[in-house]
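**Student:** First, the structure itself, so that you have it in front of you.
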Amino acid sequence: MNAPLGGIWLWLPLLLTWLTPEVSSSWWYMRATGGSSRVMCDNVPGLVSRQRQLCHRHPDVMRAISLGVSEWTAECQHQFRQHRWNCNTLDRDHSLFGRVLLRSSRESAFVYAISSAGVVFAITRACSQGELKSCSCDPKKKGTAKDSKGTFDWGGCSDNIDYGIKFARAFVDAKERKGKDARALMNLHNNRAGRKAVKRFLKQECKCHGVSGSCTLRTCWLAMADFRKTGAYLWRKYNGAIQVVMNQDGTGFTVANKRFKKPTKNDLVYFENSPDYCIRDREAGSLGTAGRVCNLTSRGMDSCEVMCCGRGYDTSRVTRMTKCECKFHWCCAVRCQDCLEALDVHTCKAPKNADWATPT
């Protein structure tokens, strides 16, 4: 009897810290606060001392981060637009996403990664646009260099992504570094995966100089790709996310299923399976799919069968204004008529009990 009891006591601290509810990244709420930087720094709930310190010290960076929140939440919603959970946000909730991210799920892994990536992208872009006092274009990209096409001169303004990554790591990871629990380690891993994703799509752009564009001389610079590429990449990582458990000394992960490979620094990791998101459930933070538009002809996640969780759907006839009878006129315009188009819209039926689900 002693050995099993000893094993239980060994794992009990890890289990208790695993279940901690303090997992929301309160800096996400910076989108909703607005106002001056001082007001923002003092009124965003849940910032740790290091985050408030950086907030007061770098108000211009905070403005860039707060503007970036809308960008990465929009990207999250784009990637999940055909899924039961569609990355919906709650404007009056300081965690931005409500209770749904209290679960250490795939969705949590994606949100932490895309938000960390969004901070890198927003700061780096602000650096290149001359909006920040603490950084500018990448100072290392000077002089002459060589690539597969020959020599070129560094010119223009190379995106200073190393500064963006460094500041994002200091600000975003500050709260997680104060904790030693399993969820903090999960968040740190996914935060890093998000930062690395932005740098993955840094590309070299060049301009040719010479007679008739002969490219005798080239001037090149490094530029971030559109954030959609980062979002699509992290979406693929979400679909291939690896379920993990804590190792015995509580310092890292091991795969939950031994048939799968160990996660790399680029992979997303999670602990818990996701709910089905079919019905409104206050405890799970699920808004359900009642009223969601579904695709009658699709066989994917947006199909009426999958989106509506087998509850069926309602169909309504709606009209919308579209462009029609378009003709090309010389030179150089396309002129169209405005036409009314009737189409059927299918929306998921509500469950028989439309109230908030009561957990049993």
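Here the Cβ of each residue, glycine as well, is placed from N, Cα and C on the backbone.
Copying in the features that Swiss-Prot gives for the protein in this structure:
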DISULFID  Cys76-Cys87  disulfide bond
DISULFID  Cys127-Cys135  disulfide bond
DISULFID  Cys137-Cys157  disulfide bond
DISULFID  Cys206-Cys220  disulfide bond
DISULFID  Cys208-Cys215  disulfide bond
DISULFID  Cys278-Cys309  disulfide bond
DISULFID  Cys294-Cys304  disulfide bond
DISULFID  Cys308-Cys348  disulfide bond
DISULFID  Cys324-Cys339  disulfide bond
DISULFID  Cys326-Cys336  disulfide bond
DISULFID  Cys331-Cys332  disulfide bond
CARBOHYD  Asn295  N-linked glycosylation site
LIPID     Ser212  O-palmitoleoyl serine
SIGNAL    1-25  signal peptide
**Student:** Go through Cys206, Cys294, Cys332, the listed disulfide-bonded residues, and name the one with the sparsest Cβ surroundings, counting other Cβ atoms within 10 Å.
**Tutor:** Cys332
**Student:** Between Ser212, Asn295, which of the recorded positions has its C-beta surrounded by the fewest other C-beta atoms within 10 Å?
**Tutor:** Ser212
**Student:** Could you tell me the C-alpha distance between Cys278 (disulfide bond) and Cys76 (disulfide bond) in angstrom, no decimals?
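**Tutor:** So the alpha carbons of Cys278 (disulfide bond) and Cys76 (disulfide bond) sit roughly 19 Å from each other.
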**Student:** Using Cys206 (disulfide bond) as the reference point, find which of the disulfide-bonded residues Cys87, Cys127, Cys294, Cys304, Cys331 has the shortest Cα-to-Cα distance to it.
**Tutor:** Cys127
**Student:** Which one is closest to Cys339 (disulfide bond) in space, judged by CA to CA distance, out of the disulfide-bonded residues Cys215, Cys309, Cys326, Cys332?
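**Tutor:** Comparing Cα positions, the candidate nearest Cys339 (disulfide bond) turns out to be Cys326.
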**Student:** Anything within 10 Å of Cys76 (disulfide bond)? Look among the disulfide-bonded residues Cys294, Cys331, Cys336, comparing CA atoms, and list what you find.
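**Tutor:** None, since no candidate lies within 10 Å.
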**Student:** Nearest to Cys324 (disulfide bond) by Cα distance: which of the recorded positions Cys135, Cys208, Ser212, Cys309 is it?
**Tutor:** Cys309
**Student:** Given the disulfide-bonded residues Cys135, Cys220, Cys336, and counting only Cβ atoms in the protein chains shown, which has the most within 10 Å of its Cβ?
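**Tutor:** Answer by Cβ density within 10 Å: Cys135.
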